[in-house]
Amino acid sequence: MQFEVIAKCHTTRARVCRMKLAHGVTMLPTFMPVATQAAIKGLTPQQVESLGITLILNNTYHLNLRPGIKVLDEAGGAHNFQGWNRNLLTDSGGFQLVSLSKFTDITEDGALFASPFNGEPTMLTPEESISIQHSIGADIIMQLDDVVSSLTVGPRVGEAMHRSVRWLDRCIEQHEKSGRKDKQNLFAIVQGGLDPALRDLCLDAMIERKDQVAGYAIGGLSGGEEKDVFWKIIKQCADRLPSDRPRYSMGVGFAEDLLVCVALGVDMADCVFPTRTARFGVALTFKGPLNLKLGKHTKSMEPIDKNCPCPTCASGMSRAVLHHIVTIETAGAHALTVHNLVFQAQVMGGARDAILEARFPEYLRSFFFDYFGDAGYPEWCVNALRSVGVDLMQGVDLPLVQGSGVKWEYSDAA
């Protein structure tokens, strides 16, 4: 990996970086679409690449079960297997310790899974996770970490954090003896739940190992915790992580969350949100999410966004036809998936441009004003951005919204 910080915001901790990996350059900050099973649902790899996307995510746990390592080895890795020519990051499988917890038994050796497909037991150790990711051939590979729900409290949180550090050492050893460090880049994952003291202990240990890892992820969040807690943990980690390594916030996908994380110093994020919500008939726009299942779109000949460059909007495909086919015809999910991925790319590309042009605070104020409008700003976003010198309330008279503040259309009256 060649990693270079190109520009920094003079107010916030946002920055623009150039990350060169074996399959090309990815400019940061960026959003990574999730191709769990070696495919972004509804799109071909060529379609994804044509949207300007240069980095996607595959899942180690799932690819190990299907198609399996033998097939991936025969294909020459996941790039060849799925026909993807750009950069690829693999999740280590640690998140499945939470999402498939009823199938999982955690020991110091690793995680013993019962396959959700056939019930067969599978032991995923740190060494095995790294070996699987070697077969996948991802440009960025993640350590296996002991993940607990972000809402977990008590001694299990500290146990998981300390085990994640021990497992990192085993991942480093396995990776270093593989001879693949010049092609695949190992990231550590900071754990510690919602406890700032545990986060600091984990940060201490993982920063000590800086010379043995290519980057860092902030894990164990986006699991239902309060947003005012979420941003404080992100800030705590981003403030301390080395400036010459990429910083990756795992599981973040809402536009407002992405921009807060960028302002706090995060470079990369991933989430299934934009593609999954497309399949439920929701288009993401700079005026907020648009629920195309609602009857008010029945006769609208407008595109989703007349200023959007995505193929769906550029072709003039109307809200009316999308309302007609969405959640019924696969073409509807395809059209919205394309649009939502371009929206995410525009949000992050706009942030990069604003940082380079020394106007990132203005970009934040403009985005939030357009996105939330008269509904008011989520208080947690205001608090988070104030912590890095940007006051969204400056010059505006809008209410503060408690809780997550997520904007959504549930009815035609919305």
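Including glycine, each Cβ sits where the backbone N, Cα and C put it.
No curator has checked TrEMBL annotations; they are predicted automatically.
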Among ranges 6-12, 251-257, 349-355, 391-397, whichever one TrEMBL labels region 'RNA binding': 251-257
TrEMBL annotation (region 'RNA binding') - matching range among 155-159, 275-279, 315-319: 275-279
Mean of the pLDDT scores, which run from 0 to 100, over the domain 'tRNA-guanine(15) transglycosylase-like' (12-370): 95
From recorded positions Gln191, Asp270, Cys313, the one whose Cα lies nearest Asp91 (active site, proton acceptor): Asp270
Helix-strand-coil residue split for the region 'RNA binding' (251-257), DSSP-based: 3 helix, 0 strand, 4 coil
Which same-chain residues, if any, lie at least 6 apart from Asp145 (substrate binding site) yet have Cβ under 8 Å of it: Ser92, Gly94, Ala160, Ser164, Trp167, Leu168, Ile189, Gln191, Gly219
Same-chain residues at least 6 apart in sequence whose Cβ lies under 8 Å from Cys308 (Zn(2+) binding site): Thr285, Ala314, His339, Val342, Phe343, Gln346
Asp270 (active site, nucleophile) CB neighbourhood, other CB atoms within 10 A: 22
From recorded positions Gly93, Phe95, Gly220, Asp270, the one whose Cα lies nearest Cys313 (Zn(2+) binding site): Asp270
